[in-house]
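K.L.:
Please see the structure below; I have some questions.
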Amino acid sequence: MATKAYTLPTDIPTETVTNIRSLLRIVSLALISAAAISSRLFAVVNFESIIHEFDPWFNYRATRLLAAKGFYAFWNWFDPTAWYPLGRVVGGTIYPGLMATSGVIYNVLHALNLPVDIRNICVLLAPGFSALTAWSTYMFTKELKDESAGLLAAAFIGIVPGYISRSVAGSYDNEAIAIFLLMFTFFCWIKALKLGSAFFGTLAALFYFYMVAAWGGYAFITNMIPLHALTLILMGRFSSRLYVAYSSWYAIGTLASMQVPFVGFQPVRTSEHMAALGVFGLLQIIAFSELVRSHVSSKQFQTLLYASVIGMGVLGFSGIVGLTYKGWIAPWTGRFYSLWDTGYAKKYIPIIASVSEHQPTAWPSFFMDLHILIFLFPAGVVMCFSKLRDEHIFVILYSVVASYFAGVMVRLMLTLTPVVCVSAAVALSSLLDTYIDPTEPVLEEGESAESEATPQDPTKKVKKTTPPSNSGSFGEYLARFTGNTDKPRGIFGVSNRLIVLFNTFGMLVFFVIHCTWVTSNAYSSPSVVLASTGADGNAHIIDDFREAYYWLRQNTPEDTVVMSWWDYGYQIAGMANRTTLVDNNTWNNTHIATVGKAMSSPEEVAYPILRKHDVDYVLIIFGGLIGYSGDDINKFLWMVRIAQGVWPDEIQEPNYFTKTGEYRVDDRASETMKNSLMYKMSYYRFNELFGGQQAVDRVRGQQMPKEGPVLDYIEEAFTSENWIVRIYQVRKEDLLGRDLKVANAFEQGRKRKKTKPPVRRRALA
Amino acid sequence: MLLLPLLTLLALPFCQALISKDQAREELTKLAAANNGVVNVDEHTFELLTLPDREWSSTIVFTAMDPRRKCGPCKGFQPAYDSVAKAWTKVAQEHRNQHFFGYANFEDAMTVFQKVGIQSAPLVYLYPATEGPYKAPSGRTTPLVYDFSGGFDAEPLAQYLSRHTPVPIPYKPPVDWMKYATIGATLLIAVTALRVISPLLKSRWVWAIGTVLTILTMTGGFMFVRIREMPYTGNDGQWIAAGYQNQFGQETQVVGLLYGLLSASFLMLTMVAPYQTSPRRQQWQVWLWSAVICIIFSVLVSLFRVKNRGYPFKLLI
Amino acid sequence: MAPKSTAAAKQPTTSTPSALHETSPAAAGNAVQSLLKAYNETTSPRLKLIDAFLVFLMIAGVLQFVYCVLVTNFPFNAFLAGFGSCVGQFVLTASLRSQVNPANRNEFKDVSPERAFADFALGSVVLHFFVYNFLG
């Protein structure tokens, strides 16, 4: 008989065990939720409850409007203060899911007489939904393996840095709720596929609709599910369950997704959605052929049926291709096309290429964001191959596709994180199952033992005995590998178990410590407020951004127009509440190129542009004093490139480099560079800080020329404490009708002449 | 008395400048036609190409082909430039002498280099027409500089220049016979070998190996290396690139190998060790794979510490 | 386009004769007749009712599509809503049919016919909610 490595109490009834297991599961999930929420609160504890980054400021502004004025005002909102003088139709150009969610929570809490401020709801929405994400990952992994793998997956996704980076408290962006919706939609899809139930298909469609309303990345689901269905068909695993699940999801989901104004008719008009339509048609054809086949036995009829089915499939496909060529169906948009043709964006759409989140990923990012999960991930995928049910095929496809996309764009690491957590949980859970199970294998010589399915231990799996696929010892080996064998399986002795369990426990502890360290150091910065450690170890808060935005808010008239690079548009609108020319929505490339041209041209050329757009203030970011490397001089080449795209005759990038091709800001800088508005604004009066010695730009590490730039058409209005934000006021036309440069020179001359002593004339006698 | 010869002496340099536009254009056309559309630039031809009241535009490549100058990109770019110039010779006669292609080699045109102030090579300058119907709309006379943003290929150069030439340059990239031949051959081989490879395609473990290799390659940062065109190793043989968001080609392989070893150890522990029939063999295997996990993970962590200097944790190494 | 293929495919009396025309008409006629006979005999009245509804939905969908192509596609959202309701209802009914069919019992272990009908009802309600919203 099979012996046990360690003794378990045998007098506990099965019911008690089941109840205790359920209780432990619920308690574990509650603790995981608590861990997920609390590990995202570092920023709130260190700084304050503030909205982070750039994009969330716009979402916050929209939510404020929704909470204050109601849903219809939000839905029909036209914002004249953005993209002056064009304005922006906000209602039709955003994904309203995030704001609607916050609005609903706000209204519910207020109905319960809990007066929570809208800002706190927005800041804490992401941590709250991360708990829901952990739960939905648990449900998803439960379908793959069992509850213990589910709990591991929930724990992993609760604290893994790859997901935390976009869902800390204060990161009020679409991804905050999108990952929860992604995992839950996938769970509903897998459940629909397993059961063949139209209820789960409808539920998947409803949550897909919510996802479409929440995030532009819904196209991932739109292509992932058809890919899965197509793979199942190609593998010969077509079944009625697949038909029911996919058809109910597609029919209801597509119609629902068209309700979002921003999506509109895209699901029937663009290439990104054609795969789903194609698979839908293919499924109908195959289902029909299966139906007819069951009624008819004639061989000839069957072969003809297959031929006509394939013919119709090819016809449908060529129909779609033909419509694409004719232009009825739009080709892949730039954002998605650049994921395949990686050189495309840099050449044709520099705005997409310039965003820092769109850069490719180097391997340290993978390790930093996923730690031990990154090497448990392939092991989990191999285990999926060994079981290979329908849902495992989904995880395999998801893992390959997500690895590619995460490698191409840093931002898409977020879509890789859930599948890594799930696979790693499956792998680790299998390992723990093997080594915790106390049953030892029977030491028979040359005789195969029975499968060790003991009724007392519910964590055991019954080993099915199936003949190995290949013959010979290699097949035997492979069969053992897949678990499809009746050879004895188990671990001898306590020491083996202890080694592996101790190892695993140590790795998990290291994982938790790593995640906590990464979250607190790297991903909890609001980026609106910076922190640095002084020489004496004290934390020094750098609050220049807010200082400058609030100066704007309090010292300028309400209808002031502020020009800055598009990165800061949302923040200016949110914190300073002033009109901006361009912001992070980047929907109008020519307008952004106009701003770029103004920044990179000499003052005489930029001034008419500024006056034409009624610009009152110009705002730039300059990090040269304290070493803040995300400033506008570092972004300057992108401004030049984007402007060059629209005015290639007037702006050429090589003119801003030295003769030897270097990008310099000191004496050796090219003339075009020194005369550009951005250069002058950044280094105006910079010399005065260094008290006679030569100024040093700490970011570029270069010494500035002795003579600083002179500004004629604009004058300095405000510079923040650490010189990070500099605001300049645009001078109105001269009262005497002179050119402003001449007027300024005249002023300078007059100032100089005052210092000379008056000439004494002797009166002629 | 001496005034007349003095005047004529003084007038000599102006005589050269008073070369009429038509003469200059004729001479340039002849030179271009004789040399596949490319005019060799020296002091005299440079003056012709950049005549102050010219009605034609010219593109001049400043390059250094001498092996002593060690200019790799110059040599790489020259065939592309020549093919674009050749494509221009196919244009109709009335447009052909509106634009000229010049070739300035450092050895033969040192004074020209000095005059224009060229300090690096290769550089392509486009001198727009200053008068006449093809004058630049903005009225500029200073040359436009071509930035090699599309690389050193002929197609981006042709596209860029076509924006400033009277008619677009009819450049057609040569048909890549090799590509079509390889595709055709591969398809043929695949179709004929279908019967042989089809059991391979049906086996799940072939797909498993392919999937795992793809995942290891991608998570090792392969796309970064390909998109940024990073070299295999650094300049002085070091294979670890400095900086957190930076890596060389060799790092992909090393990191992929480490991840693969770790995954394999876990798989061994879960799927092979439990099937051992002899307790001693099993114990030996468990110890071995656990030790491999510990050691390789420590190596991985220390490698990560090299890339991310602020990382405070370390294991065994 | 998928709708065309669905519409053409699901009518056994129209597509299959045209496909079989290339071979022997006699054998084709025989095969179709035997198909119809087999269908009549093996299908329960319940399933035949569902099939009649499916045919009706298909005709309605084809008519709408023909109108859209021949006359006008304005307003496009109304066309999509109407056509979507036909396609969606068709698909839900076809799912119901396969779930209720006794021959598929071992595939749908967790879905009893009553549960199937409840799912069908819920799905139809949700579908028509969106259709109504999209009609404008």
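Keep in mind that glycine also has a Cβ here, set from the backbone N, Cα and C atoms.
Got these off TrEMBL a minute ago, pasting:
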type: DOMAIN; residues: A:24-424; note: domain 'Oligosaccharyl transferase STT3 N-terminal'
type: DOMAIN; residues: A:559-610; note: domain 'STT3/PglB/AglB core'
type: REGION; residues: A:443-471; note: region 'Disordered'
type: TRANSMEM; residues: A:23-45; note: transmembrane segment
type: TRANSMEM; residues: A:89-109; note: transmembrane segment
type: TRANSMEM; residues: A:121-141; note: transmembrane segment
type: TRANSMEM; residues: A:147-164; note: transmembrane segment
type: TRANSMEM; residues: A:176-192; note: transmembrane segment
type: TRANSMEM; residues: A:198-221; note: transmembrane segment
type: TRANSMEM; residues: A:242-262; note: transmembrane segment
type: TRANSMEM; residues: A:274-292; note: transmembrane segment
type: TRANSMEM; residues: A:304-325; note: transmembrane segment
type: TRANSMEM; residues: A:366-385; note: transmembrane segment
type: TRANSMEM; residues: A:392-410; note: transmembrane segment
type: TRANSMEM; residues: A:498-519; note: transmembrane segment
K.L.:
Take the C-beta pairs under 8 A between the transmembrane segment (A:392-410) and each of A:23-45, A:176-192, A:274-292, A:366-385, A:498-519. Which stretch has the highest count?
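P.N.:
Stretch with maximum Cβ contacts: A:366-385.
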K.L.:
Quick one: do the transmembrane segment (A:498-519) and the transmembrane segment (A:121-141) have at least 3 Cβ pairs under 8 Å, skipping pairs fewer than 6 apart in sequence?
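P.N.:
No, since the transmembrane segment (A:498-519) and the transmembrane segment (A:121-141) share fewer than 3 Cβ pairs closer than 8 Å, they do not count as touching.
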K.L.:
Looking at the transmembrane segment (A:89-109) and the transmembrane segment (A:147-164), are there 3+ C-beta pairs under 8 A, with each pair at least 6 apart in sequence?
P.N.:
no
K.L.:
Report the mean pLDDT of the predicted model across the domain 'Oligosaccharyl transferase STT3 N-terminal' (A:24-424), rounded to a whole number.
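P.N.:
Summarising the domain 'Oligosaccharyl transferase STT3 N-terminal' (A:24-424) by its mean pLDDT gives 88.
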K.L.:
Take the transmembrane segment (A:23-45) and find every residue of the same chain, 6 or more past its ends, with a Cβ under 8 Å from one of its Cβ atoms.
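P.N.:
Cβ under 8 Å, 6 or more out: 52, 123-124, 126-128, 130-131, 133-135, 138, 147, 151, 154-155, 157-159, 164, 167-170, 515-516, 519-520, 524-526.
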K.L.:
Looking only at the domain 'STT3/PglB/AglB core' (A:559-610), what are its DSSP counts of helix, strand and coil residues?
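P.N.:
Within the domain 'STT3/PglB/AglB core' (A:559-610) the tally stands at 31 helix, 6 strand, 15 coil.
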